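For reference, the structure is listed below as structure tokens.
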Amino acid sequence: MPIGVPRVPFRSPGEEDASWVDIYNRLYRERLLFLGQEVDSEISNQLISLMVYLSIEEENKDLYLFINSPGGWVIPGIAIYDTMQFVQPDVQTVCMGLAASMGSFLLAGGEITKRLAFPHARVMIHQPASSFYEAQTGEFILEAEELLKMRETITRVYVQRTGKPLWVISEDMERDVFMSAAEAQAHGIVDLVAVE
């Protein structure tokens, strides 16, 4: 039986009585953002709008992006990444559970020195994929070219964010590479592993 999104009491400054708001709304007010699903256009737009709004509201207070995501679409993910780099506040990233594919890309996109993984978290990187089997031959070639450009972009970002050489990242992206939190730290995707 679904219970829906939990609601918690929240009292706005100057109000006597607390009102009940969904837990995510309450946490957003504390600058805590969550990516707990596959990246798509809808969640991308929601996270981008929250980051922009919160950065306008208070530009010197860090944002926290908690990630437990199997990955998702490339373009919406890159849009989130670009916004993280654009907004004035630092965006601290926290991996809890799994940060795979686009999730690991966003994890690496946090402010360097402020990227954290929980001790039992898993991180996975690989190359972007597409649904070639649905395309006609001409579309297939155009899509393959675009996919190659996306792979180059993602590879360059990983190189910049991790400090690893291009050949290491390129080789890792050839297949699914799963890492523990400590391995992700050694790989430069996160800076710290939380202590149990």
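Numbers here mean position along the shown chain, with the first residue as 1.
Using the three backbone atoms N, Cα and C, a Cβ is placed for every residue, glycine included.
Note that the coordinates shown come from a computational prediction; the quantities given were computed from them, not determined experimentally.
According to Swiss-Prot, the protein carries these features:
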- Ser101: active site, nucleophile (ACT_SITE)
- His126: active site (ACT_SITE)
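In three-state terms derived from DSSP, the residue listed as 'active site, nucleophile' belongs to neither a helical nor a strand segment and is classed as coil.
His126 (active site) is surrounded by 17 other CB atoms, counting those within 10 A of its CB over all protein chains shown.
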